[in-house]
Amino acid sequence: MVMVTKVPPRPRPGARPARLRRAAGPLLAAGVTAASLAAVPATAPAAAAEDGKSGGTTLTVAVSQSIDSLSPFLAQKLTSTSVHRLAYEYLTNYDPKDARTVPGFATEWSASADKLTWTYKIREDSTWSDGKPATAEDAAWTFTTMMTDPDAATANGNFTANFEKVTAPDPRTLVIRLKKPQATMTALDVPIVPKHVWEKVGDFSKFNNDRSFPIVGNGPFVITDFKVDQYIKLRPNKTFWRGAPKFDELVFKYYKDGDAAVAALQKGEVSFVPNLTPAQAAALKTQKDIKVNDAPGRRFYALATNPGARAQDGTAFGNGNKALLDPAVRKALFLAVDRATLVDKVFQGHAVEGEGYIPPRFGSYFWKPEAARKRAYDPAAADKTLTDAGYVKNGAGERLGKDGRPLSFRILCHATDPNDKAVAKYLQEWWGRLGVGLTVECLDSVSDPWTKGDYDLAFDGWSVNPDPDYVLSIHTCGTLPATAKDTGATDNFICDREFDGLYAQQAVEYDPAKRAELVKRMQSRLYDTGYMNVMAYPNALEAYRTDQIASLTTMPEAAGNIWGQDGYWSWWSAVPAAGSGGSGSGSSTGVVVGIAATVVVLAGGFLLLRNRRRAGADDRE
Amino acid sequence: MTSLAWERRKGSAARLWRSYRSHRAGLYGLAGLAALALLALTAPLTVGADVQSVTHAPGTALEPPSARFPLGTDRFGRSLLGLLVWGARISLLVGLLAAVLSVAIGTLVGVLAGHYGGWFSTVVMRITDWFLVMPTLVLAIVLATVMSRSVWTVVLAIGVTSWPTTARLVRAQTIAVESRPYIERATALGGGHRHVMARHVLPNVMPLVLAQTTLGISAAILTEATLAFLGLGDPTVVSWGGMLQDAREAGAVSSGHWWYLAPPGIAIALVALAFTLCGRAVESVLNPRLGVGR
């Protein structure tokens, strides 16, 4: 795997209420209603009070996704890898302007003529936060550990799988010897850890790097505290070679409910909130001191069909519908999906219609089918495709499969993602007109049926990094599970020899233009296999308080995103606003308060009645 | 059945109605329920099933209330008033079915335990106690999570978790009924277990069961709404709890779209209130201790 930002299969926009904490009882729903209505006006603790606490400035970021591990060898989730970007240096970084490779821990690099030996010059002005110098020896140790200990290769092992030997002939030189050429050598997204701290760790599969704080690192920030699902606190690294960050403290604070995070932003309790809904963004736009950032996203949002799950040893497993193995059925289903309407209605325009595979934001790799090949919305053609392929409608308007039974599919959706449910509603209606049934199966965690191949269709999505190797690799045969019992890195059990051939070619191609051409051909092939329908590239919809953050760098610098960047730019560059005073903008309508009160009163009356009734019942017994 | 028995039943029903009429709150509840039932039953004629369609949604997303959409629109541009009326069907259906299921289980367990007594009763009542101390919602959430998401799952989850109260009440009533002399006479005349339970005990616990059902419906509707609100309902079915969940997911709370949240919430509260008023009135009519004799 070549990317830092694994978000399998999608970043969860943590939208789950604190469900078990609420008292059980008949009053519950009314109580919940009242609570949610009251949520906006009720949260009134001191706004932006942190600023005054230590005399310093605090940047608070609302997050929802849990940390899987603080160990760079294990962390795969977006929040964790974002924190690691801040706390550790990587050999190289990406320029915020155009995402080209820029110096990180290494200042310069070169490949030998046979493309198999890479030499990196390590910078002299980087020190660990405990004062020890950071050297090539640390990098060599990090890579060697990942090569020799399978547990240490959990998160980023894909980078080092092709490494033969990594050495540090002197503290400023790192030499990596490869087995065969590797195109990702200037995009090695591996946090370099301090050898003198980490060589004491015994079992990398168990060590989560969350025991002693501050955690020794050499990135722009130092992790000073962490409480599971509560907060992660960081302080700036004053000796950071690129310059110390401007804020005095950076806090990632957990809000499992999106509305609660937005309310906190309105109150000034947090400075930044990612993953807004269109309604939230529209409401925040009109508010004073809040800037809404609506940037092209780096994620694709797709419909995946089960191509017949199987393992590398050839055993088929799972219970995917056999009808989907027929290209005509898949084509007809995709032809009946109106992507423009989805962008317009579900994403409210905060997305770009899906085309090939890699989002248009990565211009050099972006590919889209020419007009004649494009699977444009055409329900009539979809109907004809099915009929021509021998799937006819019965008297009740149901489309019959080859076995004579009505065609009906299941779709796996993320219960935590409102967009999945919304799109599913549209799919039900569009496909219903074709006479094809659709059952929506929403689960909190889809990974179980997914890895077992127990699905017909699924909502799929990945964040794409500047180097597309990883998102391409997950469709190669090599990532299928070894046996039916294993779990592979495969996204959707796609295994296509032609695609694999192109993947192998691009992996060893050092010429950027030629590689980009190969990557486009891969996308073209993937499109033709017809297993996936990329519906949209959702925008990054996020907001921050301008009275707390004066400025920060987006990526790309022109109209880019803030959260989940390929680098530490946003928080490293953030400048505190002058005299950031707390201004609780309690502009939420009084109507809401009124309704909340009404509901509370109604609920109270109900409670009263219940109690009186109970008294009666007790008497009787 | 003899005509005499029918006469007697008719008379007692009339008596029942007369004393029910004297409870004004009960009448309000009944009127509310009648109106709501009418609304739900005629929904296919008034709003039509098309109101659920997202592809034919008439408005734009999250419109505030207007003459065209008296309660505004949801995130798909569907009329919220239409959805509210349509959602009443599912909410009421689930509430009724779940309450009936729950009371049926409770009655069965209660009558059996009360009639047979002994170790059987002890074992059954310990199981009942176990269910009684388990928080209903937690159990229902677990059930709704492990089973596939559909309306029937919700009915089942509520039904099988909320029966213990009924079981306890019915068992007590069964014991009280069976201690009466006429049961002894029936047994002496050769009435078997089934005869006693079906012909003598059941008719006597029926009023209690009726009251319990009426009260159970409001609890079931609330639980259904809660489960749907927590995202455990069927996302493709329109119900009041589901509407609240939709509203929350669309960010209606923080963006001040009160018209998305308030109507389903108030509707849930009102229906629960109506059923409770009716249930209380029925209960006080049937309970001699509460001062209305037969």
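Each residue, glycine too, has its Cβ placed from N, Cα and C.
Those TrEMBL annotations? Automatic predictions, nothing curated.
Residues or ranges marked as domain 'ABC transmembrane type-1' in TrEMBL: B:88-279.
Using a Cβ-Cβ cut-off under 8 Å and counting only residues 6 or more beyond its ends in the same chain, the transmembrane segment (B:90-115) has close neighbours at 36-37, 40, 121, 124-125, 128, 151, 154-156, 158-175, 178, 193, 196-197, 201-202, 205, 209, 212-213, 216-221, 223-225, 237-242, 267-268, 271, 275. Residues annotated as transmembrane segment in TrEMBL: B:90-115 (among others).
The transmembrane segment annotation in TrEMBL covers B:127-145 (among others).
Residues or ranges marked as transmembrane segment by TrEMBL: B:151-170 (among others). Outside the transmembrane segment (B:151-170) by six or more residues, the chain places 90, 93-94, 97-98, 100-103, 105-107, 109-111, 113-114, 124-125, 128-129, 131-132, 134, 136, 139-141, 143-144, 205, 208-209, 212, 216, 219-220, 223-224, 227-228, 232-234, 237 with a CB less than 8 A from a CB of the stretch.
Outside the transmembrane segment (B:205-230) by six or more residues, the chain places 91-92, 94-96, 98-100, 102-103, 106-107, 110-111, 136-137, 140-141, 144, 154, 157-158, 162, 165-166, 169-170, 173-174, 177, 239-242, 244-245, 248, 264, 268, 271-276, 278-280, 282-283, 286 with a CB less than 8 A from a CB of the stretch. Residues or ranges marked as transmembrane segment by TrEMBL: B:205-230 (among others).
Residues 25-26, 28-30, 32-33, 36, 62, 64-65, 71-72, 74-75, 80-81, 84, 87-88, 91-92, 95, 211-212, 214-215, 217-219, 221-222, 225, 240-241, 243-244, 246-248, 250, 252 of the same chain lie 6+ residues outside the transmembrane segment (B:258-279) yet bring a C-beta within less than 8 angstroms of a C-beta in it. The transmembrane segment feature in TrEMBL is assigned to B:258-279 (among others).
Sequence-distant contacts of the transmembrane segment (B:127-145) (same chain, six or more residues past either end, CB-CB distance under 8 Å): 109, 113, 153-154, 156-158, 160-165, 167-168, 223, 226-227, 230, 232-233.
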